[in-house]
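As recorded in TrEMBL:
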DOMAIN    2-118  domain 'Response regulatory'
MOD_RES   ASP51  4-aspartylphosphate
DOMAIN    137-191  domain 'PAS'
DOMAIN    214-265  domain 'PAC'
DOMAIN    266-336  domain 'PAS'
DOMAIN    404-634  domain 'Histidine kinase'
DOMAIN    656-772  domain 'Response regulatory'
MOD_RES   ASP707  4-aspartylphosphate
Amino acid sequence: MKTLIVEDDPHALRLIEKVAKREGLEVTSFLDGEAAWEACLAQNFRLAILDVMLPGMDGLELCRRLRTLEMGQQCIVLVATARDQPGDLDAILSAGADDYLPKPFAPKDLAVRLEICKRRALDNAERDAANEALRDQEAWSRSIMASSVDPIVTTDGKGAILSASDSTFPVFGWQPYELVGRNIEVLMTQPFASRHLGAIADSDTHRGSSVVGRPWAFDAVRKDGGTFPCEITIWQIDDNSARPVFTAILRDITERIESESALKNSERLFRSLIENSSEVICIADASGRILYVSLSVERILGYAPEQLFGRVFFDMLHPTDVARARSNYRSILEEGGTSGWLELRIRHADDSWRVLEMIAKNQLEDPIVSGIVINTRDVTDRKQLEDQLNHSRKMEAVGQLAGGIAHDFNNLLVGINGNTSLALEEETSDTTKALLSDILRAGQRAAELVRQLLAFGRKAPLDVEPIHFAPLAQEVVAFAEERIDSRIQVVVSIPSDLDPIMADSGQIHQVLLNLLINARDALLIERPELRERHKCIFVQARQQKIDRAYCERQVEATPGDYLEVSVTDNGIGLRDEILAHIFEPFFTTKGVGRGTGLGLATAHGIIKQHRGWFEVNSTYGSGTTFTFFLPITDQPVLDHSDEFDEPSVSSDGDELILVADDAQVVRDLIDRLLTKHGYRVIIASDGQEAVNLAKESLRPIDLLIVDLSIPSLPAEETVRQIRETSPSVRVIVSTGFNEESADDLIDSLAPCTCVTKPYDVAALLRTIRDLLDQPSPLEDAR
């Protein structure tokens, strides 16, 4: 404790210093008052021992000045004096001294007086510290109450309000001073007021009441009588007094109640949306075990939600989709975030497969969700529609391609087949007739392929019948080998005793040919790793019984007996990203100008029309195998050996026939054919020329043969104008397209008969004769 000693007697000063230091005091000594005063201005002393008689400034003056300082207010002053008159002592006390020390004094007496003063100084210091702490606490409390948005009130044990914060006014409408003295019940409705007072009483009796220190809600009352939801938290203040004091913090929870209500309504809304959504919402753990699934799963997959809880999601997937699904799942577990949309097949409760589109989000770190959220929607119907649309577009493209070439190609076939038929009628050499029959057979085969291509492009029904696959395959392979590089070996392994299949031979011919040409092209790719490889194409066929287990892996399959046909090349193979698109129309890997992208697309469509399916297996660097399956039939194969007999026609006549066709080869054939059989023939190369020739003719036209796509003047207008000059004319409309595609135009030319190019000359002559032998439809109408 810092102690000031001022004594002008050096002997007395040394005595006092000695005793003071022995008492543990920190001593600063002076011989005069002026020097001591300067020290008081610079230092804080808790104890001062002053002699009354000092040079310059005496001890009483120094005491008075000391009391004017902030430090001096707390300093214990002991004045030493040899005077003992009452007036002298009064003067000492009046100057502000706390005690006096009579001179002369013994060291023992001085020690006692110093101990007393030291204790008083310590008491003063503790009291000052306590007062300072109290002032700080009061200031802090006032600051809290002034700055608190929530009202704060203090009450006694009976609920009487002792103080209130300024925030009571905006919340309750009461000024703080208006509440002081009122009971806190004024802020509460019943029965909450009684509950509050009961809690206070309980807390007064049993400290640590379950209410005190815990927030609870009640209906509060404003000064104007209005009510609102409020939350109160009560704290008991321990001020070491017998009277209990409580602090209550009140909070207007209107917004919170409204928010909670809005949240509940929102939760109810979203739950309703989830449960009634067309999508299935699923939450799974990191292993794929289902933790939650929405009610819509029953409508989409046939399972009640409780049937799926605890099941592993991957166990419900199609076996061939599991690896892809697990890979996607691992990605979002490792990388977080959201996966892309993924199409997977999942088993329905009825054991069928549904195509579902899924997207997953990793919310394992979300403490509320704590799982992988999977949104799933059923796209089975959409996929079927897309497949139908894609098939329709694919067939439309094939049809447009075929239609573009069919007209000219069929005109050429008219000349080939027609002139060959005429030559057969004239030829007598058996060898030459055999050659001509082969030409006619090939031409008729070509005509059949064109008709099938047109019909296929427009989804016309297939001309299916029981056929043997082995001879058809041998014919296709022989045809293809002429177009395959001699460095490529074609190995065929097809048993001759295979059961027949129900198929359109022309279409299957096209499928197998497409696969062989594709295999050839794959082997012609220039790659270093293929240079030393012996290039082979393997064509194999066998009968296969397809069971239900196989159908689970191949969704397009149905159980039964099938012919399995595979075409394998040992070329470079296909990458996975290519395999996903190989059956799409116009998708090709052959480069610009080398492929139309329709070969595999058409083959896939044909096999699907036959109630079959394709499988493709490819290992990049090793080769590719295309396999298709066709249903086997127990029906017998029909004999068509007499289909190519030489034509025998006796359809002569002398009527006038006008032929209007833009193809020279067609005009020449019909002119030659009809003239040979006695008809008179007029030839026109376009519609306008035909009309002009009909007008110039000296006699009416008996029969008009007009090409549907005749130039210059449309066929419809050509027929109309010729009918004006030759009302009884019969009309034959010829077209290079299939009849179905020309229905609308042909209907506009009625009455008429339609024949499709390329003509069978015998059939054409019979049609002409039949029409001429019948009365004219227009004459009958008149």
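Backbone N, Cα and C atoms are what each Cβ position is placed from, and that goes for glycine too.
Of the recorded residues, ASP51 (4-aspartylphosphate) and ASP707 (4-aspartylphosphate) place their C-alpha atoms 149 Å from one another.
Take the domain 'PAS' (137-191) and the stretches 2-118, 214-265, 266-336, 656-772: counting Cβ pairs under 8 Å, 214-265 has the most. In the structure as shown, the Cβ atom of ASP707 (4-aspartylphosphate) sits within 10 Å of 26 other Cβ atoms. Counting residues of the domain 'PAS' (137-191) by DSSP class, helix then strand then coil, yields 24 helix, 12 strand, 19 coil. Residue counts for the domain 'Response regulatory' (656-772) by DSSP state, with H, G and I taken as helix and E and B as strand, are 56 helix, 25 strand, 36 coil. Cβ neighbour count for ASP51 (4-aspartylphosphate): 24 (other Cβ atoms within 10 Å of its Cβ, all protein chains included). Mean predicted confidence for the domain 'Response regulatory' (2-118): the pLDDT average there is 86. When DSSP labels each residue, the domain 'Response regulatory' (2-118) comes out as 59 helix, 25 strand, 33 coil, counted as helix, strand and coil in that order.
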